[in-house]
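Peer 1: The following feature annotations were taken from TrEMBL:
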type	residues	note
COMPBIAS	191-201	compositional bias 'Polar residues'
COMPBIAS	266-275	compositional bias 'Basic residues'
DOMAIN	129-170	domain 'Integrase zinc-binding'
REGION	168-210	region 'Disordered'
REGION	230-287	region 'Disordered'
């Protein structure tokens, strides 16, 4: 049987770590070069995580592109200078409007070269993305169609900007509506004529012919003019419901179609006199 006697020792005299402590003794101050190298590695890992994601249009965001946009974005440059020089004001309303969204997490921001990193609770450093690249990064996060939790997890491991969680949720809901609408649309058949929506502009400015079905709600379509074949989702295809109107001429041959749609033709006005004026104007009671 053991008997223990507890004795208090000051920290400067108790140099050795006890057996239950997991913290090693710091033998010396870390060199500045070691800290710079560690931040550089964190930035490289963050950029690699972002670059590993590719959206449906084939756009990839890498560190070089982020640095270029960071130099062109005036608000991003202001944020980087404030973080590098620790130039935060004491109150949020004293800051410029561009910096106010970052005021709450200002103690978790650091700068590395021309980019800004956000680290919360000593976890993965996240790259603060310039405004011009946020839409592409959202598409990258959604490229796998893995749902809200997966998108948030990937975002919290790599990228950050104010309001990113709300934008991720909005992107997921928008995609869910698109998928639901694609399920509800009628299937297309080979040879059917369709309008084609431009994904970037949203305009239905092209037309084509359905060749075959490549996957559920996906079709191979030949574009008019160029003859090039492309694969489009059903929600980006709208069937042509009206063909040009043709009339037969007196000799039986097809007449030239009228280029003006019926709904845009000017209505014909009746020039007959009102019925109650026939007795006075025409002198006849019959129309």
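The backbone N, Cα and C atoms fix where each Cβ goes, glycine too.
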Peer 1: Where does the mean pLDDT land for the domain 'Integrase zinc-binding' (129-170)?
Peer 2: 79
Peer 1: Take the domain 'Integrase zinc-binding' (129-170) and count its residues per DSSP category (helix H/G/I, strand E/B, coil), listing them in that order.
Peer 2: 27 helix, 2 strand, 13 coil
